[in-house]
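Participant: So that we are looking at the same thing, I have put the structure below in structure tokens.
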Amino acid sequence: MAASCRLKPLSRVAVSGGTHGNEMSGVYLAKHWLRDPMELQPDSFAVTPFLGNPCAIEKCVRYVGRDLNRTFTTEFLSSAEAEDEPYEVVRARKINQTYGPKGSAQAFDFMFDLHNTTANMGACLIVDSEESLLPMHMCHYIQTHYTRSPCPIYLYKLPGEETYSINSVAKAGLALELGPQPQRVVRADLFAQMRALMACALDFIELFNKGTVFPAFEIEAYKITGLMDYPCYPDGEISAMVHPKLQDKDFLPLNPGDPIFQTFSGEEILYKGNTTIYPAFINEAAYYEKKVAFAKMEKHTFSIPGLQRE
């Protein structure tokens, strides 16, 4: 294990609900906190809730022009304003101006991003990389103290890829991805789960700020290696659906030769990879347009150094 690392205490924390306007747990939790912020008043830091994509929330759609949560790259944040640019590009620049700028000393210390998925992801914790020390410690704290369900860790950043999510404008961040929940629906059980997970995460920040020493640990996490598209006809129309034996098996092992798709005529299509993977976001409704049937993940055990405040 590496030696403990010291980080500055956190003073400004943001929480985005409705980055996708039809993922309703985060939408209504953020709206609730904007009306009644009593739950967001810790002693040692300030918490600012906001609505990520107000226009999409108003229309109850994922986005209006393009996916906001893929728009926080240098390409969009530094581009010149254009008359016909998508609403989300304008919104991304505004969020970056308010809570960033991305990569700067002035950026917010931390940002939470609240999501739902139609896939059977459970209470999933999404971090860019295992090298993000504070979020990994937060995930470990949540896994230790939140006992209602497992909380798998999803590491979304591919090698050499720029971070693109809304919370990347802050110095560090964590996304909560709760499912399965249909789009445009708010389920009371998942709303309560999200609220409890946020309370746990805020407790961690309070403890860190007040000087708690968090020892080194080893932790399992799932790291993305690529994406699996649906089989398609020559005209681009999908020709098969997720196989019943794979449906709802997020984060479970998929071995070479296991069925992954079933054609509309009933034929099985098998996984042709050479190694076991752990699919996630299986049959996610929002990913049909992205040509993604599931994300291909590897399971790793990472050694995380200890942490304390400066």
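Note: Cβ is positioned from N, Cα and C throughout, glycine not excepted.
Residues or ranges marked as domain 'Succinylglutamate desuccinylase/Aspartoacylase catalytic' by TrEMBL: 11-205. The Zn(2+) binding site feature in TrEMBL is assigned to His20, Glu23, His115. Under the heading active site, proton donor/acceptor, TrEMBL lists Glu177. Here TrEMBL flags 218-299 as domain 'AstE/AspA barrel-sandwich hybrid'.
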Participant: Express the distance between the Cα positions of His115 (Zn(2+) binding site) and Glu177 (active site, proton donor/acceptor) as a whole number of Å.
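Facilitator: Given the Cα positions, His115 (Zn(2+) binding site) is 5 Å from Glu177 (active site, proton donor/acceptor).
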Participant: Which of the listed recorded positions (Glu23, Glu177) has the least company, meaning the fewest other Cβ atoms within 10 Å of its Cβ?
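Facilitator: Selected from the recorded positions Glu23, Glu177 on minimum Cβ neighbours within 10 Å: Glu177.
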Participant: About how far apart, in whole Å, are the alpha carbons (Cα) of Glu177 (active site, proton donor/acceptor) and Glu23 (Zn(2+) binding site)?
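Facilitator: Rounded to the nearest whole number, the Cα-Cα distance is 10 Å.
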Participant: What other residues of this chain sit with their CB within 8 A of the center of the CB atoms of His20, Glu23, His115, the recorded Zn(2+) site?
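Facilitator: The answer, listed by sequence position, is Gly18, Thr19, Asn22, Gly26, Arg62, Asn69, Leu114, Asn116, Thr117, Glu177.
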Participant: Quick one: DSSP breakdown of the domain 'AstE/AspA barrel-sandwich hybrid' (218-299) into helix, strand and coil?
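Facilitator: Breakdown, helix to coil: 3 helix, 33 strand, 46 coil.
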Participant: How many other Cβ atoms sit within 10 Å of the Cβ of His20 (Zn(2+) binding site)?
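Facilitator: Around the Cβ of His20 (Zn(2+) binding site), 27 other Cβ atoms lie within 10 Å.
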Participant: How many neighbouring Cβ atoms, not counting its own, are there within 10 Å of the Cβ of His115 (Zn(2+) binding site)?
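Facilitator: That number is 26.
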